[in-house]
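A.B. asks: What TrEMBL shows for this protein is this:
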- 345-849: domain 'Cas1p 10 TM acyl transferase' (DOMAIN)
- 364-386: transmembrane segment (TRANSMEM)
- 437-457: transmembrane segment (TRANSMEM)
- 469-489: transmembrane segment (TRANSMEM)
- 509-528: transmembrane segment (TRANSMEM)
- 559-580: transmembrane segment (TRANSMEM)
- 587-605: transmembrane segment (TRANSMEM)
- 625-647: transmembrane segment (TRANSMEM)
- 676-694: transmembrane segment (TRANSMEM)
- 714-735: transmembrane segment (TRANSMEM)
- 747-767: transmembrane segment (TRANSMEM)
- 800-822: transmembrane segment (TRANSMEM)
- 842-860: transmembrane segment (TRANSMEM)
Amino acid sequence: MHQYTLAMSEELELNHLQNDADAAIGADGGGGDVIGVGIGGPEIVPTTSSSNSKAEYFIQQLNSNNFKKLALCMVLGFIVYHGILNWQYGSDSCQWLLSKGRFKGNNEWQPYGCMVHKYSQTDTRRCLRYLAFWGYKNHFIFIGDYSVHEVYKEFINHLHPTDDANDSQLQQTPADTEFDDSKLKMRVTYIYANEVSEALLETLSKLQDTKEVRAVFIVGFTYRNFLKGNVTDDLLKQYQTNLTRLVMPFDQLVAGKSTVLWKLQDRVNEEKLIDSWKLIKNEDIDRLNRIARSVFRYTDATVWEAAWQISNGLVDTAIDGYKLCTLGLKHYTQLLLNMYCNDNMNYNDGSCCSSAEPYTVLQIVTYAVFGVCIVLVCGIFLRRWLLHLRGHTLYTPLRSERPGLHVAPATTTPNANMANGGLASTGSTLTLTRIDYSTPIVAMAMLGIIMAYFYLCDRTNFFMKENKYYSEFSFWIPVGYVFALGLFFTEDSRFTKVLNRDQSDELKGWILLVVLIYYMTGADRVLPIHMHIKLLLSGYLFHTGYTHFSYMWQTGNSGYVRFFQVMFRLNFMTVILCFCMNRPYQFYYFVPLLSFWMCVIYFLLSLPPRITASTVEANPLHYLYLVGKFVGCFSVVTILFMSEVFFERIFVTRPWKALFVTTDDDIHDWWYQWKLDRYTVMFGMIFAACFHIAQKYSIFDDNNHGNLFARRTSITVTLLAVLGVGFYTAFSFLCRNEQNCEEIHSYIVFIPIIGYIILRNISGILRTRYSTFFAWFGRISLELFICQYHIWLAADRHGVLVLLPGFPTLNMIITSFIFVCASHEVHRITQILLPFAVPNDWKLVTRNFIIFLILLIPIAHSDGMF
């Protein structure tokens, strides 16, 4: 027992020293140290002398500070680049939607620079009903030849896909066809035209006189004898003259708030053309389209270039060589609906033709505070620079570290210790610490700059956005690449304990990286992948329960101050984003989940009698008390789960209702996330309790580099662990219904998690090695999860941010680099502000918490919390 206590004390001391080192590195910013293996390796290498070679000097420069400077330069460069694009080509995403795009993967159409929402019949009718409610007349008018008629039929069939009678009615090309839906105030009209005639001009004049509001015209045709071929120069001149007669009617229609789209002639598959189309050549079609572009280029009508690009990309699948396939027609319909509905429906995954979200008073106030901090910092540095020019020497005051003042110790080198006369030695009881009260202001100014970048990326249309795209290749290749890097950057750990600090950071790192790839590629549509990602997030929560229980069990420290320190680390960035990005707290669902379960853990273990390793040693009856606490917690959670009405009454109670509802005042997102992992944290706590009790009675030994168990026992336990992990994988593939899968997941989630822990730790060789690559990301895992919503993904994680259009792979690398650098800086700023926000004195903590609540009162009042 004595050996076990010494081992626990040694690891807790090492963890404490590591925390101090991390805090020092965070406060210092890494200016004097370098990362030995670049972004993947956290090994700190002392600064070398000037006699080192250029290669060593170059390696020294591969540190977090220089990476962040490079990321800042890249951001400024892309701001200038996109500013030029917006100034030269405009920032109207409707133009992007209608003019340019590309096919991705399985013939999915991606417009240039913006996201399209995939409108179902329900979404379409909801949009039309909404516009009808506000008094708009939804009128679509299709004018043209056979190709426009095909678009018209697909548009009608999208509204009423089961209307067989209507479909049969449209088999022949009529001279005039009309579709009406009085409930939606919807009218779709098709007018046959194969050339510019007096009848067509008269029809356009009548439509203009009726002053149809929000009418959309889709027009396109060639000339009467198009099928006879023989496109001569005289015919082209006549075609140009005829199209010129449409310029004035089109401009007048647009002036009357209508939208006019000119559909270019589709190219044909010359090898598959039927006999009646054999004389048509693509070169003739291209000549006709060039004339149409030249005529309508300077008018208010829009040449629908995207439609031509879609048909050209699908020309190999053309029916009879000239008819666009059904997939292409569906793309046409989706483009029209995105153009017409997006700005009114505000779908998160539909940024094309959608206006930027308006800012709020709270956002103005928040950014004003950041602006004041930036101005103060500029003033501070200007003053110091002027004093330096005048020859004044600036001294930083040194004060002894006092209880109650939580200041991260400065990192020192042996040379620095000698320069200070040994005052900074680790064995000294009186440590001189630099105190610079401008530090929090500088940190807030840096945070303000980062938040401005967040706002520019996700609350404006300044930068481009694209839809996610999933394929097995796009998901598994990044996952394989990440794990290859993780295995490459491995080294020996100084710890031997199960789930030690290095191993815990590694676990959080690879979990988070896989989750990020999952979100980026939109792999949620694949149920087995979806269930394994849920398992990884549950593993994060399981680890949270295990870690906090182990800490309180071993140290007995379930103090007031430590609770607020943990809550500050969890929620600081989330609260700032809520203020800056105008999103509810529940939007960042994982942080509320972690915070809620942290409160449960704190309450459960702080509730008298407090149970720790020392108390159960003195009084074995405490084991029974611990079981009683677990049973009580399980009972409360089960009662909440069995009655959703009771659950809602508790969590929609004011004033904490705002913490659990979405923007639509809906609590179902919180209910879904909570019930999915309602037992996971308690499983982690129970596992921690069983683990430490088994360790106390020497059932296994993790105080050395050997295996946990004897050979025969190790083989048996390993087989059971493999079966546990394999069981969950088989379950995820065999389960067909997502709702049933997630319900069963809640009860069996601990099996694969414990199986992984056993496989990772049962061998001494595996237990004492870890991936520095994963561990580095694990230390900023929380910031990575939060920041990805706005500066890596886009449109509240529904799309992908595009800084470099046209190069998707390179764009992903660039945005990922900037995203990681920003997350690391946010982590550093949080570490800097932590001692000022949550000092070691509980009275100061209480004071700061009360001040924070007072600041929330006007915000809560404006949101209707009171």
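Each residue, glycine too, has its Cβ placed from N, Cα and C.
Whatever TrEMBL says is automated annotation, not expert-curated.
For each listed feature, how buried is it and what is near it?
C.D. replies: If you average pLDDT over the domain 'Cas1p 10 TM acyl transferase' (345-849) in this model, you get 87.
Within the chain carrying the transmembrane segment (437-457), a Cβ under 8 angstroms from the stretch's Cβ atoms is held by residues 27, 75, 79, 363, 366-367, 369-371, 373-374, 376-377, 380, 463, 576-577, 580-581, 787, 790-791, 794, 801, 822, 825-826, 829, 832-833, 836, all 6 or more beyond its ends.
Listed as Cβ neighbours of the transmembrane segment (469-489) (distance under 8 Å, sequence separation of 6 or more from its ends, same chain) are residues 37, 40-41, 104-106, 108, 110, 506, 509-510, 513-514, 517-518, 520-523, 525-526, 529, 771-774.
Note on the transmembrane segment (625-647): residues 600, 604-605, 607, 609, 611, 616, 671, 674-675, 678-679, 682, 685-686, 689 of its chain, located 6 or more positions outside it, place their CB under 8 angstroms from a CB of the stretch.
A Cβ distance under 8 Å defines the sequence-distant neighbours of the transmembrane segment (676-694), meaning residues of its chain 6+ beyond its ends; these are 498, 534, 537-538, 541-550, 553-554, 593, 597, 600-601, 604, 613, 623, 626, 630, 633-634, 637, 640-641, 700, 742, 745-747, 749-750, 753-754.
Remote same-chain residues near the transmembrane segment (714-735) are listed as 527-528, 531-532, 535, 707-708, 741, 744, 748, 751-752, 754-756, 758-759, 762-763 (criterion: CB distance under 8 Å, separation of at least six residues from the stretch ends).
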A.B. asks: Which of 509-528, 559-580, 747-767, 800-822 has the most Cβ pairs closer than 8 Å to the transmembrane segment (364-386)?
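C.D. replies: Most Cβ pairs under 8 Å with the transmembrane segment (364-386) come from 559-580.
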A.B. asks: Using Cβ atoms and a strict cutoff of less than 8 Å, what residues sit near the transmembrane segment (800-822) while being 6 or more residues removed from its termini?
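C.D. replies: Residues packing against the transmembrane segment (800-822) from afar: 39, 64, 67-68, 70-71, 74-75, 78, 82, 112-113, 450, 453, 457-458, 463-468, 520, 777, 780, 784, 787-788, 791-794.
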